[in-house]
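Take a look at the structure below.
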Amino acid sequence: GSSWVAAFLCFIILLTTAGNFLLILLIITQRSLRNTSNYFLVSLFMSDLMVGLVVMPPAMLNQLYGRWVLWRDFCSLWYSFDVMCCSASILNLCVISLDRYLLIISPLKYKLRMTSCRALWLILATWTLAALASFLPIKMGWHKLEFEVRSLNITSQGDEEQCQLLVSLPYALIASCLTFFLPSTAISFTYCRILLAARKQAVQVASLASNMATITDETTLQVPRTPSEPMAGRESRRFANKHSKKALKASLTLGILLGMFFVAWLPFFITNVTQAVCSCVPAGFFDILTWLGYCNSTMNPIIYPLFMRDFKRAMGKYLPCCRHSGEPRPSAISLSMRNSNSGPHAATSLKNVL
């Protein structure tokens, strides 16, 4: 059974490392992706890449051998990187949601508010908070039970040494609130506001399109019909339906993002606090929840580009499977204007209003 476990964990590590590295390389090499919003995605993929390179391999060895087989003093350093990288990944998700929220709420003022310098300062603050929640408490020994001075995170069981992070309840509560519960509340709030804004825009566009269709129908009753005028009314209704489908797709996307995030990290942080209270969580169950949280770093480079048109378009240059979905298709209104030789004024006015 250990061979299958090793193969599965190696697959997770390779997928996490390759996915995040390729997306960082894609953003760096593609000029169309080098914008302020994608700075936060680079920071997210960098934290997830460090999870795959630094955190997962020792965790896999610890899982397979059932003991700490690496250098003894490396245990404390590894756990510090573990807490920092996972915390940075969660905090980067929070900053990305805030960035998308500002872009949706005030798109005209977004470039004035979110400059490159401010984006870099936010990224620096994210990594600083993650480092302060990991390296400083573990190095100073603030995380330990009863704050007693012991060997760094090494607990001996017979002749075998186990690398376990034994934390006190105050550290578990403070670190969990700073790195998960508060960011997850911010993520849920911003994504709900984005969802409401998308639905509001869909209703407004549908109302505008229906009004234009009504005006076009009334005009065709008074003026002799031309080939483009009835088509304008049909295209306006089709445009409203298309926008409603986009709003529904945005709702499903946000639901998938929130669902994957909470499924990956919520059980771990609840169990972590419970372990600090009663020390009654089985070690195997805690390891499963830990790897479930690691898998969030595996899913981030899959989920986020999957629902972003710019990434699809950039990946379409290298992957044939993404080429068809990433290419922009001309709208039906522009096709009707291009193909109609008579009566272009109704289609032109409809396009301007929409």
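Including glycine, each Cβ sits where the backbone N, Cα and C put it.
Predicted, not measured: the structure shown is a model, and the values here were computed from it.
According to TrEMBL, the feature domain 'G-protein coupled receptors family 1 profile' maps to 19-304.
The region 'Disordered' annotation in TrEMBL covers 333-354.
Annotated transmembrane segment per TrEMBL: 6-27 (among others), in sequence order.
What TrEMBL lists as transmembrane segment is 39-57 (among others).
The feature transmembrane segment is assigned by TrEMBL to 77-98 (among others). Here the transmembrane segment (77-98) has Cβ contacts under 8 Å with residues 40-41, 43-44, 47-48, 50-51, 54-55, 58-59, 70, 122-123, 126-127, 129-131, 133-135, 138-139, 153, 163, 165, 175, 178-180, 183-184, 186-187, 190-191, 194, 261, 265, 293-294, 296-297, 300 of the same chain, all six or more residues outside its ends.
If you look up TrEMBL, you'll see 119-138 (among others) marked as transmembrane segment.
According to TrEMBL, the transmembrane segment annotation covers 171-192 (among others).
Residues or ranges marked as transmembrane segment in TrEMBL: 247-268 (among others).
Here TrEMBL flags 288-307 (among others) as transmembrane segment.
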Which of 39-57, 119-138, 288-307 contacts the transmembrane segment (6-27) most, counting Cβ pairs under 8 Å: 39-57
Two-stretch contact, the transmembrane segment (119-138) and the transmembrane segment (39-57), at least three Cβ pairs under 8 Å: yes
Within the predicted model, mean pLDDT of the domain 'G-protein coupled receptors family 1 profile' (19-304): 81
